[in-house]
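Student: So TrEMBL says this about it:
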TRANSMEM  25-51  transmembrane segment
DOMAIN    29-439  domain 'Major facilitator superfamily (MFS) profile'
TRANSMEM  71-88  transmembrane segment
TRANSMEM  100-117  transmembrane segment
TRANSMEM  123-144  transmembrane segment
TRANSMEM  156-178  transmembrane segment
TRANSMEM  184-206  transmembrane segment
TRANSMEM  277-297  transmembrane segment
TRANSMEM  317-338  transmembrane segment
TRANSMEM  345-365  transmembrane segment
Amino acid sequence: MEGGASVAGKAEFKECLRLTWSQPYILRLVFSAGIGGLLFGYDTGVISGALLFIRDDFIELQKNTTLRETIVSMVVAGAIVGAGLGGWMNDRFGRRPSLIIADVLFLAGAAIMAFAPSPAVIIVGRVFVGLGVGMASMTAPLYISEVSPARIRGALVSTNGLLITGGQFMAYLINLAFTKVPGTWRWMLGIAGFPALLQFILMLTLPESPRWLYRQGRKEETAAILRKIYPANEVEEEIESLRKLVEDEMVLEGSIGEQSVFGKLKKAFGSKVVRRGLMAGVIVQVAQQFVGINTVMYYSPTIVQLAGFASNDTAMALSLITSGLNAVGSIVSMFFVDRVGRRRLMLLSLVGIVVWLAVLGSTFLRAAHNAPPVSDVETRPFANQTCPEYNPNVHWSCMDCLRAASTCGFCAHEGNAVNSIPSCFIIVKLVSFFCKNCS
């Protein structure tokens, strides 16, 4: 019954479509749990666009990059704690209660952020959402794998990964949709409460994981759930398979001998096979994060603005390309992982990530190197409206202006602030523009 997150092949996806269509109960179970993956993606992606409008509403954020970074990173910090709590709660209380608690955290966080009167309150809301993200990331794929028929388990678990990247893409779309609505970022952050409420209601009507119930000795409840998932002629076989699996797990746990988590980990690390497997898994996860994809996803509209597109609407529209390709990449990996192989596909994707991050970094370095100079000739028409830190006796470029500690740093059109773009792109080109405080 329990098999982990196996990777699906093409035939398995076809069987998945056929079986879920003929047995809607399976689709209901997986859809309900899969909302957790959708919320995971949405709440990690929505801040990229919302941050632009939060910055405009709170003057203390306009030059305080540390405070903006704190707002972004609190979801990740909360997710670290939530993932740890989620693993413990899954074993102690079950998968279903863990998902319900995650939904409560999602709802609380969305409500707090939607009505936040200050950046500090937004940070509190982001922590709540982060706790929910961590718990959902641990629980949703586990629940899906344990309630899915074995022959389509890989396809259904893979779908959870697709929902995460799809949730990020949906966040960018919703950000773009609410740019003209009063309240902008409050709607962007608060709307995440609706799918959380939907999942909360659905999970109240769904059963616990059969595997967890069997480990608790609730065998009759386990059999009743399996009868809804499997054809009648397969139920007894699945119950027997589950019995063997749980007994093998208990024997393995007994062979470790330790009761505490740290004791079990210490003894497990004594095995060379465990150490090598764990090291490989951890390195893959760390490499996936350290390549910088989170930085690009969280700050994509901001990066686009630094590239010269100052309009919030334009920046978010162009950022759809990034999130869209991210979602497409998930679909490609699902269909090619069996043909190409896990290791080769992972190496190819890592090379692609490194190459394009290098291109992105070199582009900005080149822009800084070729930044137009700011001298007395360029600033004379602007009288005292130029950067207060500007010193005509020191070489000064537009990139220096952008890095200035004061609130200056952008050139803006006198009649339309939306036309403003970083000064390093226009100061020597458009004499009708003047340097003023960033608004």
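Yeah, the Cβs are placed from backbone N, Cα and C, and that goes for glycine too.
Note: TrEMBL annotation is automatic and uncurated.
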Student: Which listed range (25-51, 156-178, 345-365) shows the maximal number of Cβ pairs under 8 Å with respect to the transmembrane segment (184-206)?
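Tutor: Between the candidates 25-51, 156-178, 345-365, the best contact partner of the transmembrane segment (184-206) is 25-51.
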Student: Can you tell me which parts of the same chain pack against the transmembrane segment (25-51), counting only residues 6+ beyond its ends and a CB-CB cutoff under 8 A?
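Tutor: Same-chain contacts beyond the flanks: 19, 68, 71-72, 75, 99, 102, 106, 109, 126, 129, 132-133, 136-137, 139-141, 143-144, 147-149, 156, 159-161, 163-172, 174-176, 184-185, 188-189, 192, 195-196, 198-199, 202-203, 206, 228-229, 297-302, 312, 316, 319, 323.
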Student: Same-chain Cβ contacts of the transmembrane segment (345-365) under 8 Å, 6 or more residues past its ends?
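Tutor: Same-chain residues near the transmembrane segment (345-365) but 6 or more away: 284, 287, 291-293, 296, 303, 306-307, 329, 333, 336-337.
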Student: What residues in the same chain, six or more past the boundaries of the transmembrane segment (71-88), come closer than 8 Å to it by Cβ-Cβ distance?
Tutor: 43-44, 47, 51, 54, 61, 98, 102, 105, 119, 122-123, 126-139, 294, 298-299
Student: Do we see three or more Cβ pairs under 8 Å linking the transmembrane segment (317-338) and the transmembrane segment (123-144), pairs being at least 6 apart in sequence?
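Tutor: Contact criterion not met.
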Student: For the transmembrane segment (156-178), what are the same-chain contacts with Cβ under 8 Å, counting residues 6+ beyond its ends?
Tutor: 5-8, 16, 30, 33-46, 48-50, 140-141, 144-145, 148, 184, 187-188, 191, 297, 313, 316-317, 319-320, 323-324, 326-327, 329-331, 334
Student: Just to confirm my parser: what is the rounded mean pLDDT across the domain 'Major facilitator superfamily (MFS) profile' (29-439)?
Tutor: 78
